[in-house]
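One structure is given here, and the rest of the page talks about it.
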Amino acid sequence: NPIGKRIKFQDIEQDLEVTAVLTNTPHNTHLQFDVFIPMQNKKSSTSNSWVNSGFATYLALKPGTDLAQLEAQVPSWMKKYISDQVQQAIGISYEEFQKNNKLGLFLQPLTDIHLYSDFAPNTELSPSGDIKYVYIFSAIALFMLLIACINFMNLATATATKRSREVGIRKVLGSDKKQLVTQFLTESLLTTSFATFLAAGIIALLLPTFNDLAGKELQFFSFLNVPTVLLLLAFVIAISLLAGAYPAFVLSSFKPLMALKSKFASSGRKNSLRSGMVVFQFVISAGLILATLVVYKQMQFIQHKKLGYNKDQVIVLRDAYKMGSEKVNSYKDELLRNPGIASVSRSAFVPAGETDNHVQGIFKNNEYLRKFFFYDVDEQYLPTLGLELIKGRNFSAELKNESNKAIINEEAAKILGLGDNPVGKTFKRAADPENEEFTVIGVIKNFHFKSLHNEIDPLVLAYNPYGGLIIKTKNAEVSKILDFAEKKWSKFNSQQAFTYSFLDESFEETYRNEKRMGIILSAFTMLTIFVACLGLFGLITFATEQRFKEIGIRKVLGANIGEIVGMLAADFIKLIFVAFLIAFPLGYYAMQKWLQDFAYRIDLNIWQFILAAIITLAIALITISFKSIKAALQNPVKSLRTE
């Protein structure tokens with residue numbers, strides 16, 4: 001019974017008493033926690049600042065509350081409570097401030113948090129998803145299903161001659177069209193049902209692998225509820241009708257006498273429909289191949305783009321600040337004694353991964369300009385991250401009054417309008433009560449301190465060493481450096497666990513959703529192509545059977561294997577080129593929309609489309625050639641025998 005027991009927490013002065021035990025939260029909630037503590041234990045919770053967004057706020061609405069009406073009132077609350085604070089902080093009215101800034105309160109349904117939030121990852125209570133990717137993969141899955149249905153219809157109608165005698169006998173024995181349609185639809189339902197059970201088994205087996213790949217925690221049995229089962233049953237029936245209706249009506253329409261003789265020709269209408277279905281399959285296949293190539297190229301672009309800083313062999317000890325300023329400095333000195341460590345910087349700001357993020361208003365000539373990003377750093381920040389100083393000097397621990405000096409990036413220099421040599425020019429930080437004046441002592445080359453989804457913003461580096469530690473190692477074994485750092489850590493901070501991260505891994509993590517999308521998209525693409533090729537293989541088999549005698553005659557007249565294969569492949573190749581004419585404009589539009597999320601991205605060029613076409617054609621030709629060559633090698637005597 002834990003009630004009444006007391007627990008000591010780091011960073012909280014007094015022990016806390018256990019007053020309740022809650023049921024474990026389900027895996028599909030964004031509110032994952034170990035402990036709830038009283039709000040008053042956080043000093044910042046008593047702040048009266050309306051511009052501080054450090055806490056998530058939940059509203060329980062009364063039944064019958066009009067959400068739209070409530071949301072309409074929110075801007076007036078903001079104006080009422082924040083106007084004076086904006087005026088006091090930066091000296092301009094709230095209305096003027098809102099012209100060039102976005103500041104407001106927004107209501108979001110609890111059920112929308114996981115898939116529809118667009119906040120920065122470090123502001124979310126748990127990793128969020130993205131509805132965009134749900135739509136993308138749902139569409140791909142639907143297209144795969146349609147391709148499978150099309151294959152079923154194509155093969156069922158293309159091989160109708162093999163069941164013609166059965167249809168003829170049933171009609172002679174008294175079966176009417178309705179009975180035959182029912183029979184074929186039942187066969188379609190049984191096939192779909194068997195496929196569904198088979199798919200369920202495969203899902204249960206592969207779900208752990210998918211979870212690892214997608215970074216999810218989906219559980220198979222959590223989907224086995226009444227609404228899902230009913231929806232699945234409805235889906236099975238719908239797919240059975242979609243895939244089975246057309247073949248059922250085609251087969252049941254055979255005339256008994258012709259069916260018993262197995263003599264009928266394919267109508268032009270049926271051939272046109274079959275050709276249209278082939279085109280549809282390869283529109284999807286070519287489009288997915290193009291999308292996979294573009295995603296791969298964009299990820300390669302991100303991997304190899306010059307970021308303006310060195311992310312390799314950099315270790316971040318974010319929690320080092322918890323040991324206190326004096327101990328942190330002593331710990332830093334101990335680390336520098338290791339010959340494998342090149343430099344150590346103290347700052348809470350890193351260009352990737354979890355980081356502090358200060359945005360403050362900037363004054364120039366006593367007029368509010370705009371918001372800039374502010375990073376508090378020490379004199380080792382530039383060499384540790386390999387930032388390029390292009391004008392002026394770095395900070396120095398030996399000089400006094402460095403706290404009112406600033407190093408700015410090229411973007412900040414441009415926006416401030418400081419000319420060709422900004423060194424020695426001044427500006428003010430609006431957040432300071434006295435509008436503290438900063439003197440520019442240096443300019444660094446622009447570097448990507450945020451994701452490549454965003455353009456480079458103006459950045460100010462101010463001299464104020466605080467936060468964790470950033471360690472730049474030499475070409476030594478990192479494991480030995482970590483062992484050394486952990487051993488020294490326990491000397492200064494025995495109560496706090498030693499935790500670390502690698503800057504390059506944090507950078508990779510920034511784009512994990514896109515990378516996962518690329519891998520899953522590749523898997524979907526391969527499956528889609530495989531299903532499309534199965535259908536193509538069936539159709540080329542049917543085509544060779546239909547033209548069996550023609551192939552024999554052509555061989556007797558001197559046609560070689562290449563000419564026979566070319567004859568059989570020609571019609572399908574034409575259809576694939578028609579598919580390209582449809583797929584590539586759609587693919588261009590879709591990938592341009594996806595690339596819009598990146599401020600720095602590749603350009604779509606003709607070679608990506610050519611490569612997608614070559615891959616699609618190569619796969620199709622291999623599929624076609626396998627059966628065509630086999631047909632071309634047949635002895636013509638077999639095909640020229642009389643019936």
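Positions of Cβ are set from backbone N, Cα and C atoms, glycine also.
Listed in TrEMBL for this protein:
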DOMAIN    139-254  domain 'ABC3 transporter permease C-terminal'
DOMAIN    287-447  domain 'MacB-like periplasmic core'
DOMAIN    523-633  domain 'ABC3 transporter permease C-terminal'
TRANSMEM  133-155  transmembrane segment
TRANSMEM  188-210  transmembrane segment
TRANSMEM  230-254  transmembrane segment
TRANSMEM  275-296  transmembrane segment
TRANSMEM  519-543  transmembrane segment
TRANSMEM  564-586  transmembrane segment
TRANSMEM  606-626  transmembrane segment
On the 0 to 100 pLDDT scale, where does the domain 'ABC3 transporter permease C-terminal' (523-633) sit on average? 83
Quickly jot the same-chain residues contacting the transmembrane segment (519-543) by Cβ under 8 Å, restricted to those at least six beyond its ends, or write none. 136-137, 140-141, 143-144, 147-148, 150-151, 154-155, 158-159, 213-214, 274, 278, 281-282, 284-285, 288-289, 291-292, 295-296, 568, 571-572, 619-620, 623-624, 626-628
Grab the same-chain neighbours of the transmembrane segment (564-586) for me: Cβ-Cβ under 8 Å, and only residues 6 or more beyond its ends, written as numbers and ranges. 275, 278-287, 290, 536, 539-540, 543-544, 547, 551, 554-555, 609, 612-613, 616-617, 620-621, 624-625, 628-629, 631-632
Take the domain 'ABC3 transporter permease C-terminal' (523-633) and count its residues per DSSP category (helix H/G/I, strand E/B, coil), listing them in that order. 95 helix, 0 strand, 16 coil
Do any residues, 6 or more residues outside the transmembrane segment (606-626), come within under 8 Å Cβ-to-Cβ of it, and if so which ones? 282, 285-286, 289-290, 293-294, 297, 529, 533, 536-537, 540, 565, 568-569, 572-573, 576, 579-580, 584, 587-588
Write out how many residues of the domain 'ABC3 transporter permease C-terminal' (139-254) are helix, how many strand and how many coil, based on DSSP. 102 helix, 0 strand, 14 coil
